[in-house]
Amino acid sequence: MNITSFVKSTVFLQNVTAITMESWLIPMDILMIVLTTLVVTISCVFLIIIILNKTCHTVIMMLIANTYLAALLFGCCLIGSSVFMFQNDVKQIQDQDPLCNFRGYFIYVSCGLHNYSFLLQAIYRYLTAVYSNRLFWQSRRIQILFICIKWIFCFVYILPILFTNGFTYNVDNQICQTPLGLSFSIIYASTCVYAFPMLLIVLIYFTLVRYVHGMSKHVTAANTLSRAKRELKMVRRILILVGILLTIGFPYALFAVISFFTTPPTHHYQIAYIFAETSLVCVLITSFYFTNPLKTSIIKIINRQTNRVIQAVI
């Protein structure tokens, strides 16, 4: 080998490292792309229906639309990561591109936006039940303010990790993430993204349960008690959606705990992403089932199209 060939080979190996291909990686990448495409498609359809249908122009539907918008952004970020994994696995290389850290950043931002959107829904239900006479807290303006605060917080809270190079390129999983292990980055990110909003939703639920039980023991106007029970039912549904996220997304938490004591499986991120993306699809479908105005609108659209087809055939 001459000197020129040797130098070229050395430069190539510094930038791109060949990897041993495992047979199940590409099918897993394809499955992730399919799941994230479903998330993006479903979110887009629901958002379009809410925007175009005037019966969906209510405060609570605005909060639900905010959840679908966050799911859309989350899905787009996951598609970007999944396509990058797929390309590198097909080429059998480990190549970190300049956008890797930003993909990691936006995944945490969009995940936080999605989780905190459920917290906003729970807060609105609580305010409607407990402070039904204080219409200021239920107004569209104050809820838009809460949504804006949530978006600003989710874009800002993860910046310390980004600016301190907390995102590292995981060679085995072809992704930039905070490395699992007992560190400030993983504890801080997990607390802000998952623990804080989930615990607040649970707290709101049990506070509302106690409030409804207290009202049942005292003389209360029938419509006030009925409203409180209805809002409690809605918060229970939010809790179910959060439970789906936590249950199907459990592998990520499991790998994080394992990493505190030992090394997690080689492709732990890809395995965790499969479950997380599956949970997103399940949450969107379940949310559609729980959202009567959206369900009614879609049924009307289907019936209208069916009638047109029948009339055209006749």
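Positions of Cβ are set from backbone N, Cα and C atoms, glycine also.
Record features, source TrEMBL:
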TRANSMEM  30-52  transmembrane segment
DOMAIN    42-296  domain 'G-protein coupled receptors family 1 profile'
TRANSMEM  59-85  transmembrane segment
TRANSMEM  105-124  transmembrane segment
TRANSMEM  144-163  transmembrane segment
TRANSMEM  183-208  transmembrane segment
TRANSMEM  238-261  transmembrane segment
TRANSMEM  267-290  transmembrane segment
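By the Cβ criterion (under 8 Å, sequence separation of 6 or more), the transmembrane segment (267-290) is not in contact with the transmembrane segment (144-163), since fewer than 3 such pairs are found.
Where the transmembrane segment (105-124) meets the stretches 30-52, 59-85, 144-163, 183-208, 238-261, the count of C-beta pairs under 8 angstroms peaks at 59-85. Confidence annotation: the domain 'G-protein coupled receptors family 1 profile' (42-296) carries a mean pLDDT of 83 in the model.
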